[in-house]
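Per Swiss-Prot, these features apply:
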REGION    1-43  region 'Disordered'
COMPBIAS  1-15  compositional bias 'Basic and acidic residues'
COMPBIAS  16-43  compositional bias 'Polar residues'
REGION    61-120  region 'Disordered'
MOD_RES   Ser68  phosphoserine
COMPBIAS  68-91  compositional bias 'Polar residues'
COMPBIAS  104-120  compositional bias 'Polar residues'
REGION    181-313  region 'Disordered'
COMPBIAS  239-250  compositional bias 'Low complexity'
MOD_RES   Ser269  phosphoserine
COMPBIAS  270-300  compositional bias 'Polar residues'
COMPBIAS  301-310  compositional bias 'Low complexity'
DOMAIN    360-623  domain 'Protein kinase'
BINDING   Leu366, Gly367, His368, Gly369, Asn370, Tyr371, Gly372, Asn373, Val374, Lys389  ATP binding site
ACT_SITE  Asp485  active site, proton acceptor
MOD_RES   Ser514  phosphoserine
MOD_RES   Thr518  phosphothreonine
Amino acid sequence: MEDKFANLSLHEKTGKSSIQLNEQTGSDNGSAVKRTSSTSSHYNNINADLHARVKAFQEQRALKRSASVGSNQSEQDKGSSQSPKHIQQIVNKPLPPLPVAGSSKVSQRMSSQVVQASSKSTLKNVLDNQETQNITDVNINIDTTKITATTIGVNTGLPATDITPSVSNTASATHKAQLLNPNRRAPRRPLSTQHPTRPNVAPHKAPAIINTPKQSLSARRGLKLPPGGMSLKMPTKTAQQPQQFAPSPSNKKHIETLSNSKVVEGKRSNPGSLINGVQSTSTSSSTEGPHDTVGTTPRTGNSNNSSNSGSSGGGGLFANFSKYVDIKSGSLNFAGKLSLSSKGIDFSNGSSSRITLDELEFLDELGHGNYGNVSKVLHKPTNVIMATKEVRLELDEAKFRQILMELEVLHKCNSPYIVDFYGAFFIEGAVYMCMEYMDGGSLDKIYDESSEIGGIDEPQLAFIANAVIHGLKELKEQHNIIHRDVKPTNILCSANQGTVKLCDFGVSGNLVASLAKTNIGCQSYMAPERIKSLNPDRATYTVQSDIWSLGLSILEMALGRYPYPPETYDNIFSQLSAIVDGPPPRLPSDKFSSDAQDFVSLCLQKIPERRPTYAALTEHPWLVKYRNQDVHMSEYITERLERRNKILRERGENGLSKNVPALHMGGL
């Protein structure tokens, strides 16, 4: 009852303070939630947030900012609320305690009513609206400085709140009590209404946010992998000498060799067990019946099978994608294009490749990204070292399209400037692509902004530019394909062969239907016309955008770092503004020739129509100068990698730390 009386003495100032405290508490809770969500490693959340920021930047460029209004009004309201008349009526009382985090919905709703009643009503309005209250006797306890009531009617609009006012003496307290109790007759309390005793409100405590660990990949795909990763090692036997491919523009010979290799078949009692050190991951029905290779469309009734299969096989993971996944045969089908299974890949033109997981021996991990890992493996039947790219399917239809595009590009393009493709297979929710192993890795491994390594020298830079341009030119002229994601991490090099090749065609597109999707590729290397476009879906993505990305990549390899100012790295909008509004970066004149500077300047023209074509770039004097020269690329890559590994051993680190811009995106 004392709490009910105390609620009547609440002033508007106290209500505002309570609201401010609640707002601060809410903001703290919100920040806690944001911090928790920021630790998620889910690629879709990170990508969605980045796209939202880019979209906000585009809208800011189209709209004029108006002067902020309302600040004067807020100052006037603040001044009026703190006028001398109001200050005299304020009773210095502590804020009411906040509700318990685990309290019921009723208590939360009643607490919100107290805040609303305290903040929006003056003392007079509160007294006039409380017609159900019946205060018959008031006792002032000076020792405890609490105002108590012996008899008080229950007010259903205001919950019980423990408020301890500051009372200096008996006279002042009695005077205040009289002011709060005008001489008027209160209505009788209804006899039929019974109200339960409300519990005491405990101090507010922020709800604990429980970070539920995401289910592991092996658990989601039904695999029981060892802690160290996928084990593909065989028992000790006669050592075989691994072979490396000689530089060759075609992989036809090796594909035929792989097609003739035998597949070890047989039922296994435990699909997730390790047999002879080889991870057994055979899919359901793959060894009990013939593989569905008639066409590339799923059989009739796959939709029903997927809905009724539950969690068996791949049904639980791909229940909504029956048009791609054939549950009965355990295959991944792209209508009219290709079909993937645990035994290999079949293309619609009749060509096929037979590589299985049992034939691969894991050697090392080359890299990892948001959708999977890249591993160095040995194909035991042919004794060929390969690189397997694992792409996990996360119920994202866009990922299916990326897999289809990359497999099509790799299959169609036999070029000395594009990585060779050996085959692919599909097992338990992941696609494994077997490609040529490039022992030098991506080009970002052979340059650094530190003085110990530095950027790539001009002769080798011209060799790299020539190889990349020829690869992009073949994609465009022979296959009508644009890459859309040209950057140093998607360009591979081989120290053994001294070659440079393009890879990663997941976001590539056909020029016939080249309407670009929003923010395809890495935003750090995106052309300015794509960033500032308000409707990128309607803007046709041309090869000119790839030429901008090529120029920016060459400049980064020359400098050893991302070419835009480091002060823009931490702010996405600053980096976008530098790309769109700022002048394009240039090669330093003291280290590079005028021909090299002119080549980069042509690629980084802000107006797309002013950028040269691939044919014009191949005949540029800078590339012609070094075309017939031996730049000793193999020795150069080897020396750079050895220098890098030596630095890492001395520092005891796994990789060189780099100042990465905010727009950089990881992935495979």
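Indices start at 1 and increase along the chain as displayed.
Including glycine, each Cβ sits where the backbone N, Cα and C put it.
The model shown is predicted, which means the values in this text are computed figures rather than measured ones.
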Cα distance (Å, whole number) from His368 (ATP binding site) to the residue listed as 'active site, proton acceptor':
18
Across all chains shown, how many C-beta atoms besides its own are within 10 angstroms of the C-beta of Gly372 (ATP binding site)?
21
Including all protein chains shown, what's the count of other C-beta atoms within 10 A of the C-beta of His368 (ATP binding site)?
14
Protein Cβ atoms within 10 Å of the residue listed as 'active site, proton acceptor', excluding its own:
22
